[in-house]
Amino acid sequence: MFFSDGQRRIDFVLVYEDETKKMTHKRIDRKKQKRKRQVYESNLINNGLQLEATRSVLDEKLVFVKVHAPWEVLCTYAEVMHIKLPLQPDDLKTRESAFNWFTSLFRVDENIIKPEQEFFTAPFEKEHLSNFYIQDKDTFFNPATRSRIVHFILSRVEYATKNNVKKFGINKLLDSGIYKAAFPLHDSSFRHPSTDPACPSERYLLYREWAHPKNIFKLQPLDFIRKYYGEKIGIYFAWLGFYTNMLIVAAFVGVGCFLYGCLTKDNCTWSQEVCDPNIGGNIIMCPQCDKVCTYWNLTSTCESSKKLCIFDSFGTLVFAVFMGIWVTLFLEFWKRRQAELEYEWDTVEYLEQEEQVRPEYEAQCTHVVMNEITQQEEHVPYTACGKCIRMTFCASAVFFWILLIIASVIGIIVYRLSVFLVFSATLSRHINGTQAIHKYLTPQTATSVTASLISFVVIMVLNIIYEKVAILITDFELPRTQTDYENSLTTKMFLFQFVNYYSSCFYIAFFKGKFVGHPGNPVYWLGKYRNEECDPGGCLLELTTQLAIIVGGKAIWNNIQEVLLPWVKNLIGRYCADARSEKIVPRWEHDYHLQPIGKLGLFYEYLEMVIQFGFVTLFVASFPLAPLLALFNNMLEIRLDAWKLTTQFRRMVPQKAQDIGAWQPIMQGIAILAVVTNAMIIAFTSDMIPRLVYYWSFSVPPYGSHSSHTMKGYINNTLSVFNISDFRNASKPSSPWFGNQTTCRYRDFRYPPGHQHQYEHNIYYWHVIAAKLAFIIVMEHVIYFVKFIISYIIPDVSQKTKSKVKREKYLTQKLLHENDLKVVKKTMGKIADKIIKGVDSTFRPKSE
């Protein structure tokens, strides 16, 4: 961790390949690269940094340049970067929570990882150095802060000038291959603590008390994570842990609703009618496709109707309302928690004070404009017209890719329509339905499962392609700061992912089986493919299948991509290194052979979790167990991400972050949309509303024949009658008709043949439509009203946090500004005394 003198701490490491030993480039290119590197390192020294080069133990071509920032450099740039540092210990008394005894059972042992002492802080100023809480100059700037300051310098030192344009920054040198890597060091091995008593072995403690699977039920040591990795990593794990804890309540209620469905499925009257050989066994259904499909018996859907009773129950309605309220509670309480972290981690005024302009933006600043506020000239990379052209191009590119996804979804729909004909021919269902396999492997099931798998593969392929396109578009857009860059990229990626992941679910939930016409006049896609129909039980079970395949497949794929691949790469690297040498390998070389974290950092972890958040909230009415699966996944995800960071990746450059960025408004948008989608799933995808309309209106006179409200006769009442002689030649099934029946049944609310309005929608249909629209309006307004009340009642910032912020501002003013006044008064007092003494001596009579 130190230079060869054992005194100067290594704050950063640069790695390059010795140009004299390179064989892959031309000699002229090697000389140019060497010259640029030498100029860059010379400028680093001129900026006050100290360098020490060491050749690799394992590969003589590699050279490691260790970088150290002296005290003066740290103080200078801490002031430039407005870094907040301790003034004095926090003296506010905190009241312990009533649940402290319970949470202490899940906290990390304080004897192993000691709690961080809390301080009041202020932006660092060299002239007020004596006012800051400095006990030891070596520890005043912690390793994370030191690395951040050094990276700030590395990103802004120039290495060449071409056509009067300065080229600077470590990122460009890495991209051009002049340097192979640049990273801060881990402080120890994760397997065992350092033998050096001066080394804190924080990496080892993080692995043992945070990343290890044995800690899966423990709370995370967030302050310790922030201290080692910085605020950006810390706030991600704080958010993920908070989200996971909130899922416990949602999972508990979801399991309760699922168990309610399991317990009441035997009392499901309409399912009993489907399975009853005297009712469902006597109902012959019309073919669901042209020519190839044949007539089939309603009892063949008996098993799926039993499963549907579990998910399509009254408990689903209760759970959908609960989740609409839960998501609001989650977002409001997270705002409070985030405000606490902003204060505790000194990021309250970060964006306004500390965040610097991206080097890529600075390099392109060739245009001069007048600042409206300061009335001074400043340099920008493009004019107003140029910015408009860039934004138009970027928006068009994003729109094009979204259209491409929609085209792929249409392609999958066409696949579903065409392959259904094939499965109907090869898995033809006979009227008697005696074969056991036909209970489970129906043409609808086979089509749904294969289409879901193909949809998953298409989603993953498009993800890989669009990821590169989104980065290129955002680079061309040229955002000013890193936060602007990440927010812009986040918005583009999420728009794409939203359409990519959710489009197939929206199709099944709200379009499939809704516009099919009737057997005598079916609706065709593109004039060729007959529109899909749902099973007599509806499309809810198919939506559940689609969700299970996408969510499950996505979780497996992400874990393979995020965990297995880095582990295999590091395993191969360690094997090759062990084969080459048995020498003692220094820490910087160990870290070099770990995997780089990537330019986007935790972007994909956030994206994965927010997409999951969408599945948990948008379509939860079709799958009450989604929060439970998300809870199990997240408990594992926290430890996998922690394991990956501590064992498989180089240490990230610590970065500040005030909040979770653009993900917050995205989740708020999902929360609003979730109320609408769940209300529409219950109204249009499930059969809850038609069943309620039948129970309360059409089971009793004047429409029904029962003396009291009942669900008996529901199946017969909701299946319309069709005369087989009314088939068009293009739709008439080619298989022969057995029996003496002249009619078949289909799922709709239409008048029977012979009626003056035959095959037109009947009064039941209009009652159901009115009830569905009324239900959506009432449910939306009730939940939105409750959400508004909750948002109003719960303040974004707690009173305790407000008090701490006020106390810190008061201390800052008192210590920094009032001390200045005292110095001024003291100085002015001395001057006044001298003047008075001078006057006295002038007018005093001379002594004789």
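Quick reminder: no glycine exception, Cβ is built from N, Cα and C everywhere.
Feature annotation from TrEMBL assigns domain 'Anoctamin dimerisation' to 2-222.
If you look up TrEMBL, you'll see 225-808 marked as domain 'Anoctamin transmembrane'.
Under the heading transmembrane segment, TrEMBL lists 236-261 (among others).
Beyond the transmembrane segment (314-334), the same-chain residues lying 6 or more positions past its ends with a Cβ under 8 Å from any Cβ of the stretch are 239, 242-243, 246, 249-250, 253-254, 256-258, 260-261, 616-617, 620-622, 624, 627, 664, 667-668, 670-671, 674-675, 678-679, 681-682, 686, 688, 779, 782-783, 786-787, 790-791, 794, 796. Residues annotated as transmembrane segment in TrEMBL: 314-334 (among others).
A Cβ distance under 8 Å defines the sequence-distant neighbours of the transmembrane segment (398-425), meaning residues of its chain 6+ beyond its ends; these are 288-290, 292-294, 443-444, 446-448, 450-451, 454-455, 458, 462, 466, 469-470, 473, 492, 495-496, 499-500, 503-504, 507, 525-526, 529-532. For 398-425 (among others), the entry in TrEMBL reads transmembrane segment.
Annotation source TrEMBL lists transmembrane segment at 445-466 (among others).
Marked as transmembrane segment by TrEMBL: 609-632 (among others).
Counting same-chain residues at least six beyond the ends of the transmembrane segment (666-685), those with a Cβ under 8 angstroms from any Cβ of the stretch are 316-317, 320, 323-324, 327-328, 331, 490-491, 494, 508-510, 514, 538-540, 543, 610, 613-614, 617-622, 772-773, 775-776, 779-780, 783-784, 787. What TrEMBL records for 666-685 (among others) is transmembrane segment.
According to TrEMBL, the transmembrane segment annotation covers 773-794 (among others). Away from its own ends, the transmembrane segment (773-794) comes close to residues 320-321, 324-325, 328-329, 332-333, 336, 671, 675-676, 679-680, 682-683, 689 of its chain (Cβ-Cβ under 8 Å, at least six residues beyond either end).
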Exercise for the section: Note the mean pLDDT of the domain 'Anoctamin dimerisation' (2-222), expressed as a whole number. Expected result: 83
Problem - Remote residues contacting the transmembrane segment (445-466) - C-beta distance under 8 A, at least 6 residues beyond either end - result: 304, 401, 404-405, 408-409, 412, 415-416, 419-420, 423, 427, 493, 496-497, 500-501, 504, 542, 545-546, 549-550, 553-554, 557
